[in-house]
């Protein structure tokens, strides 16, 4: 028997007669009580709150969680503990396995997704089991995605629509539904700060495309996973096969494009991108900034990405934040109808937590956790608990790109004007104001700011900063403009 922080496996060929549902539920409750006592309520709520019993036999226990990340974390950090607790409950147990809900095991398929197993092509026999993304409504589709795992929660149905993401959502739906008009904005490039729904939207496209395309040739990858797979293929002398698999697809979805590094890898990606686009195959890409600002990317890649349509997802407004909270509560109440949070409290959170969807989710989870042992939470207590996420909390880090966008909007010029060599007064003043604010509001050095403004020298930035400092002493209109811009930028970064 071997156990290194993960599930125990002993003699997988042994029969596993299934125990009754009532016995299983009782055993699961006892083991979970023991687990909570050993790890503490906070760790239990964080890591095991969504754990469910999927199967219980004489020798085997299968537990399910909603995400691959949660499965990996539990296996790596609590695998031995879980196995020992189940053995204490039933000494005949040989294996405790954690699986992801909504996935099934297959031995062959068209293209299957896996984080470690090899790609399986139609007609081949898998050398080991791999996981294929499925949902009950599409469980008979023998298709899938190889690459980064899909989270079954990330669908169009669960995506909260609002004014800040409506255009990006419409474009994503058009691609997922296979509209011919979608090729007019190919590639589709979605950019936003962290926690605003880029990954959710991209995975929703992949999930919907898998339902529609039979067989599906869909690949969803993070940029980091693409780099790892490519490096592994080179190491194993399988680079040619890897490239062929990537080229024989209908839809390529790349997340976190800002992390694509390395000259040779970027060169390969450029060839892949050119080939797919020239073949009228759809490409969807997401990053934390527009293509022109991905300075680490090869110029050819940036140019090709700019040839499609770039859409920004912005910070959610009050109505959208409230909608997200109401939907989150509805989902929780489906599992536990005893959970009650008043709409007044949800409205209060939506008004005070001004950040990303991830901040909203964090605020809701914090409230849900606290409510389990503080039944009557006042608004003052909620303020105290969520202080790190509200207006009174620490301000978020401001990016130069956010300053450039705000200044460009205010002075009715384009961002490209700010980066250009144009010397007209209508452009010079906004450019100097933006450089000044970049120096005041960010920790960036003068050379770095200069690079972000079209590759200018640091002395140009220094001149702009001093110029604005001199003007603001005598120009009350400019002083008010600067205060307004600081407030707008602060709200945008909140």
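Cβ from N, Cα, C; glycine included.
So that you can see what the record holds, here are the features copied from Swiss-Prot:
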BINDING   195, 197, 198, 199  ATP binding site
REGION    1-103  region 'Domain I, interacts with DnaA modulators'
REGION    103-148  region 'Domain II'
REGION    149-371  region 'Domain III, AAA+ region'
REGION    372-494  region 'Domain IV, binds dsDNA'
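Where Swiss-Prot records a feature, it is marked here on the structure.
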residue: 195; record: ATP binding site; CB count, 10 Å: 17
residue: 197; record: ATP binding site; CB count, 10 Å: 26
residue: 198; record: ATP binding site; CB count, 10 Å: 22
residue: 199; record: ATP binding site; CB count, 10 Å: 19
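According to DSSP, residue 195 (ATP binding site) is assigned to coil rather than to any helix or strand.
The residues of the region 'Domain IV, binds dsDNA' (372-494), classed with DSSP into helix (H, G, I), strand (E, B) and coil, number 86 helix, 0 strand, 37 coil. Cβ proximity to the ATP site centre (mean Cβ of 195, 197, 198, 199, cutoff 8 Å) flags the following additional same-chain residues: 192, 194, 196, 200, 201, 286, 313, 356, 357, 358.
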